[in-house]
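Colleague: Attaching a single structure in structure tokens format; questions to follow.
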Amino acid sequence: MPFGNTHNKHKLNFKAEEEYPDLSKHNNHMAKALTLEIYKKLRDKETPSGFTLDDVIQTGVDNPGHPFIMTVGCVAGDEESYTVFKDLFDPIIQDRHGGFKPTDKHKTDLNHENLKGGDDLDPNYVLSSRVRTGRSIKGYALPPHCSRGERRAVEKLSVEALNSLTGEFKGKYYPLKSMTEQEQQQLIDDHFLFDKPVSPLLLASGMARDWPDARGIWHNDNKSFLVWVNEEDHLRVISMEKGGNMKEVFRRFCVGLQKIEEIFKKAGHPFMWNEHLGYVLTCPSNLGTGLRGGVHVKLAHLSKHPKFEEILTRLRLQKRGTGGVDTAAVGSVFDVSNADRLGSSEVEQVQLVVDGVKLMVEMEKKLEKGQSIDDMIPAQK
């Protein structure tokens, strides 16, 4: 939980060795990168809004990670965190994002017309398609560190911006605190709303403070374009629909997102972005595009194939269970999405999903007929 600066000064009465966390049983990127030397060097630093090294790492100290799943183990409290604590963040970013170096530049491409295909994924296998990203509003602390006033200001700005959208994007904001339990649960079950903050990662990082104050969901009239306000990021923008038309989902995503960005810019509140990290977000795993383009796809045979994991890796895709992170697949339906966020563009990342899923559906159809797919195994992308 973020503390005031005085608390950090109080800690300096103890030697770095006495304050250094025990990370001996940890499996996360932070624990791998945080040496005693780095801890010594950074522990008395703080960002202009008062975020400290211990605030950055607390979630990773409290959640050692999973023997098979490498979590990130740290968060940013504001835009400056990535600069002030770069000695810790840089190796974590390099490790998490396939060797992305401190000197590398990210690229952005939100021109949906650059996507090839994507309108012909077989709906008998691809049940739904979704693209999401996060955005942070410049000048405000991020959710692990923002005050109640800041969070409410972000909500007010966001609602004003979103309510000015027209046409296919015309919609309405639903604050969490005025929803009944049933309404909330229904939206969660329909995959429209974020879960209640029970995740230890959310809790330990301070993101769940004052819940549900100033949190909510905005969506257009036909629920195909949604914005979450003040969950893990200031904004999470989501375009989704049933079936396999990823081309249309991505078009709506790009157009809606750029409209929102334009409105915020005009109001004097651009999104946090720089040419090294792309869009700046709370979790280092989302830096770059912040984009996750995913489909729910039925792969009853391919998922039992001994090379399933290898095929995903070669296609630069990752799988989750049907309900998202840390859940099991129900009825052989997997949530398959791009593994990369940083160093490649939005179009490139969605292209990998479209091409990879198309290939996997073709493999699935061959396996149904009892045919071999050995000649279809892709090379590493």
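Cβ atoms are placed via backbone N, Cα and C, with glycine included.
Pulled the feature table from Swiss-Prot, pasting it below:
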- 11-98: domain 'Phosphagen kinase N-terminal' (DOMAIN)
- 125-367: domain 'Phosphagen kinase C-terminal' (DOMAIN)
- 128-132, His191, Arg236, Arg292, 320-325, Asp335: ATP binding site (BINDING)
- Ser164: phosphoserine (MOD_RES)
- Thr166: phosphothreonine (MOD_RES)
- Ser178: phosphoserine (MOD_RES)
- Thr180: phosphothreonine (MOD_RES)
- Ser199: phosphoserine (MOD_RES)
- Thr313: phosphothreonine (MOD_RES)
- Thr322: phosphothreonine (MOD_RES)
- Ser372: phosphoserine (MOD_RES)
Colleague: Using Cα coordinates, what distance in whole Å links Ser199 (phosphoserine) and Arg236 (ATP binding site)?
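Modeller: Cα-Cα distance, Ser199 (phosphoserine) to Arg236 (ATP binding site): 18 Å.
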Colleague: Take the C-alpha atoms of Thr166 (phosphothreonine) and Asp335 (ATP binding site) and report the distance between them in angstrom, rounded.
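Modeller: That separation, Cα to Cα, works out to 31 Å.
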Colleague: Would you mind splitting the domain 'Phosphagen kinase N-terminal' (11-98) into helix, strand and coil residue counts from DSSP?
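Modeller: Counting residues by DSSP class gives 42 helix, 6 strand, 40 coil.
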Colleague: Measure from the CA atom of Arg236 (ATP binding site) to the CA atom of Ser164 (phosphoserine) and give the result in Å, rounded to a whole number.
Modeller: 18
Colleague: At 10 angstroms around each C-beta, which of the recorded positions Ser128, Ser178 has the fewest other C-beta atoms nearby?
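Modeller: Result for the recorded positions Ser128, Ser178: minimum number of other Cβ atoms within 10 Å at Ser178.
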Colleague: Specify the count of other C-beta atoms within 10 Å of the C-beta of Thr313 (phosphothreonine).
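Modeller: The answer is 14 other Cβ atoms.
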Colleague: Taking the domain 'Phosphagen kinase C-terminal' (125-367) alone, what is its mean pLDDT?
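Modeller: Computed over the domain 'Phosphagen kinase C-terminal' (125-367), the mean pLDDT is 94 on the 0 to 100 scale.
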Colleague: In DSSP terms, helix, strand or coil for Ser199 (phosphoserine)?
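Modeller: For Ser199 (phosphoserine) - judged by DSSP and reduced to three states - the answer is coil.
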